[in-house]
Every structure is written in structure tokens, then in C-alpha cells.
Amino acid sequence: MTYFMFLLLMALVVGLVAVASNPTPYFAALGLVVAAGVGCGVLVGHGGSFLSLVLFLIYLGGMLVVFAYSAALAAEPYPEAWGSRSVLGYVLVYLLGVGLVAGFFWGGWYEGSWVVVDGLKEFSVLRGDVSGVAVMYSSGGGMLVICAWVLLLTLLVVLELTRGLSRGALRAV
């Protein structure tokens with residue numbers, strides 16, 4: 001399990017480097033989806049299955065809006081890929097920076113961070129992430145509905161802004 005978590009964390013770093021180093025929105029959005037998926041996989045590995053599912057759905061909703069906006073405004077006939085020299089230079093600089101920071105903090109930080117949420121499961125009836133679900137839907141239900149409406153409104157505004165003068169599928173908006 002430790003090796004699997006190490007592999008997920010390395011994939012998270014690679015996904016975030018892919019997002020940070022790419023100037024083209026198509027490939028950066030793909031890196032963002034990979035980074036979000038791997039980050040939620042790390043949460044599942046630590047025992048937060050419901051939290052990771054909710055975060056992944058929120059990430060995908062937000063990334064849909066961002067990707068629609070960036071892809072419509074920055075449509076390039078020949079997008080710059082990860083293999084080009086400038087992007088490869090950024091990738092190497094970011095990986096070197098991550099390696100230097102990891103080398104600076106390497107002394108034992110990983111030993112205490114692998115504790116899962118079920119470490120004290122004999123004292124609890126429910127899992128750690130499930131006990132917060134009732135509070136989220138009872139006390140935070142209104143905020144959840146407001147956030148869903150804001151995401152929908154943002155999607156419609158982005159689609160309206162990127163439509164321009166062409167008469168697309170959203171003629172009534």
C-alpha cells in the first residue's frame with residue numbers, strides 16, 4: 001500500500017507539472033483532469049472515499065467550465081505539445097525544483113503521513129469521512145445548492161461569452 005501511495009503521489013506531481021508547464025489549454029486541461037483524479041485517488045488511499053468522490057465531481061464541474069472557456073478563446077491550429085523544446089525546458093525546471101524541495105524536506109516526513117482515517121476504527125462505528133456527510137447535507141445543504149447554481153451560471157456565462165456573434169446552440173440565452 002505504501003508503494004501504491006508513493007506511485008500516486010509521483011503521478012500527482014507529474015500531473016501538476018504537466019499543468020504548470022504547458023501553454024496550450026488542451027493538454028493542460030488533460031493534465032488537470034489527471035492530477036485531480038490522482039489526487040482523489042490519494043484521498044481514497046487515506047480512507048476518505050466519499051470526500052474524494054465529492055471533490056472529484058466538483059473538480060470535473062469546475063474544469064468543464066475552465067476548459068470550455070480556454071479552448072474557445074485559445075483555439076490554435078497547431079497547439080504546442082509536451083515534446084517541444086520550450087515546454088520540455090519548463091518541465092525539467094519544474095521537476096528539478098520539486099526534486100530540490102523534496103530533497104530538502106526528505107528527513108523522515110513520510111513516516112507520519114501515511115496514517116489512514118481508520119487507524120482507530122475500534123473506537124468508532126462509522127468511517128471518518130461518512131460521519132461528516134449528514135452535517136454537510138443538513139447544515140451545508142443551502143450552500144451546496146448555491147454552489148451548484150453558481151457553477152451552472154458560470155457555465156452559461158462562459159458559453160455566452162465565447163459564442164460571440166455566431167448564432168450557436170444557445171440562441172434563447
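Even glycines carry a Cβ here, placed using N, Cα and C.
According to Swiss-Prot:
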- 1-21: transmembrane segment (TRANSMEM)
- 25-45: transmembrane segment (TRANSMEM)
- 53-73: transmembrane segment (TRANSMEM)
- 87-107: transmembrane segment (TRANSMEM)
- 141-161: transmembrane segment (TRANSMEM)
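Annotation: stretch 25-45 has the most Cβ pairs under 8 Å to the transmembrane segment (53-73), among 1-21, 25-45, 87-107, 141-161. Same-chain residues lying 6+ beyond the ends of the transmembrane segment (87-107) with a Cβ under 8 Å from its Cβ atoms: 13, 17-18, 20-23, 80-81.
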